[in-house]
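In Swiss-Prot this protein carries:
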type	residues	note
ACT_SITE	D151	active site, proton acceptor
BINDING	L26, G27, E28, G29, G30, M31, A32, S33, V34, K49	ATP binding site
COMPBIAS	336-348	compositional bias 'Pro residues'
COMPBIAS	360-381	compositional bias 'Low complexity'
COMPBIAS	445-458	compositional bias 'Low complexity'
COMPBIAS	461-475	compositional bias 'Basic and acidic residues'
DOMAIN	482-550	domain 'PASTA'
REGION	300-403	region 'Disordered'
REGION	435-485	region 'Disordered'
Amino acid sequence: MSQDGGQGRYAGRALAGGRYQLRDLLGEGGMASVHLAYDSVLDRQVAIKTLHTELGREQAFRERFRREAQAVAKLTHTNIVSVFDTGEDDLDGMTTPYIVMEYVEGRPLGSVLDEDVRQQGAMPADKALKITADVLAALEISHEMGLVHRDIKPGNVMMTKRGVVKVMDFGIARAMQSGVTSMTQTGMVVGTPQYLSPEQALGRGVDARSDLYSVGIMLFQLVTGRLPFDADSPLAIAYAHVQEQPVAPSAVNRALPPAVDALVARALKKNPNERFPSAEAMRDECLRVAASFQAAPPSIVPGAQTSSGAGVGSAVFPPVGQGTPAPTGPVQTPYQPTPSPGPNPYGTPAPAAHSPAYGYPQQAGYQTPAPAPYAQQQAAATPPPYNLTPSAQGSGSGSPGGKSNKPVIIGSIVVAVVAVGGLIGALLMNGGGDEDPEAGGGGSSTASVSASPSKAAGYRGPDKEKTIEKDKCTEPQESYNDPDKIQVPDFTFKYIGSVKECFNAAGWQMKVVEVDENTYGEGSVRDQFPTAGTDVDPENMPEIQLKVSTGNPPSE
């Protein structure tokens, strides 16, 4: 969102029967404008975001926007811009939704980065890691409440005059993707191209790990002064997110230690399961890495480029459901978390094990290698390759001096790539991600997968505080696209005992698959299918499959 500071089109107007008096325009973007305002009831300054009039024409969208604002208002954290109120009012004869927010005296992170780039070429790594850790602290809170941001970028992060990080615009991207406005058609996604995760670019369902990818993009930008993927068109940028590998940040900024390269590389994995399992885990790693090296001024490599999208001309991007089937086989080099003793600190990829996968396979424990010497980590089971073709159920501030990266609506990018010389065909292979898992006998059946009945060395006990309310099952969220359907709740990271109580209250059926994993402890739900947010018919509720941790470390 650009910063203005002048008089906006609504300056001098009032909202909510005169309670909120709009003053200076603070910023304006593709979806909304933000004004400084005075709350005459509580005698304080606030910031008011008014959605552009074309977005408020349909009642269904306004209702979705209101519900999202209510959800965001429940988020309370030092690093989150508070939401005080929401409503709609007539401005220039048009119904205009608005949100009343905490007024942050400061400037966007993009402006802070611009200054660092002018002075040093990039932001110092220790400063960037601390800011990133604070952003992740905010996301940790929102993810625990089931709210995915969907549009993390420097323009949505504020820095106060005292250096406090504030993340804003939670829920705005989700409200935009309601599928009910004239601007948003089926198979379309909303976001900022430079920060989209591969699954967002593909129009697939997203979860907390999509935000972590966007945080990885932002961290790359902070420590290098440029974006890992940038091109002349949103389509080319989205193609790069799905198909291209980013350069190591140290190839741009020679002052960066290998641990920063490894941290960013993990955050930017195409397969969500190969990223950090949670905002908390990524935050801990940022702080660990920040404490592991001596801070040094950035040393930018002259002429280093990160241009992308060269292969987009040979790719076809039809709407979801209209793509040609991709050939079978692995999509990308399988994940191997064990570092090798050789010059490559990230290890030599090992063949992927063949196993059924439904959506996202189990995330194995992994820690970014230490800067020197590289710590030998315990190898985790290699997850199946991530299927980059659309699933059958298909859920629905740029670099300094760079191109505009305002939020735009992009066609869902199905990577049904035209085979050119056999090369593209080798890139896109179906890793079995759309195969159905073996059917279980009953709703409470449990299939044990490499689970050990005893507590192995490294065992982590259960965290029974991670609970889910029963009403998440008995009164689930109604689908935004079909009033006759509901959305599957988010059970990930919750304790299985609490989840079972939720299921029993609603009369739902589950299938539990035990997996060896000691990141969150015994009984923690690590994955689910259908994924959270999937639209289902409550009259024909499918069996929900849950991957649950045994608390034991992954077998070597």
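One-based numbering along the chain as shown.
From the backbone N, Cα and C atoms, a Cβ is placed for every residue, glycine too.
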_Using a Cβ cut-off under 8 Å, which residues of the same chain at least 6 positions beyond either end of the compositional bias 'Basic and acidic residues' (461-475) come close to it?_
489, 491, 493-495, 497-499, 501-503, 505-506, 508, 520-524, 551
_Within the compositional bias 'Basic and acidic residues' (461-475), count helix residues (DSSP H, G, I), strand residues (E, B) and coil residues, in that order._
4 helix, 0 strand, 11 coil
*asked:* Looking only at the domain 'PASTA' (482-550), how are its residues distributed among DSSP helix, strand and coil?
replied: 14 helix, 23 strand, 32 coil
*For D151 (active site, proton acceptor), list the number of other Cβ atoms lying within 10 Å of its Cβ atom.*
24
*What three-state class does DSSP give V34 (ATP binding site)?*
strand
*Relative to the Cβ position of L26 (ATP binding site), how many further Cβ atoms are located within 10 Å?*
22
*How big is the gap, in Å, between the Cα of L26 (ATP binding site) and that of D151 (active site, proton acceptor), rounded to a whole number?*
19
*asked:* I want to verify one value. Collapsing DSSP to three states, which class is L26 (ATP binding site)?
replied: strand
_Rounded to the nearest Å - Cα separation of E28 (ATP binding site) and D151 (active site, proton acceptor)_ = 16
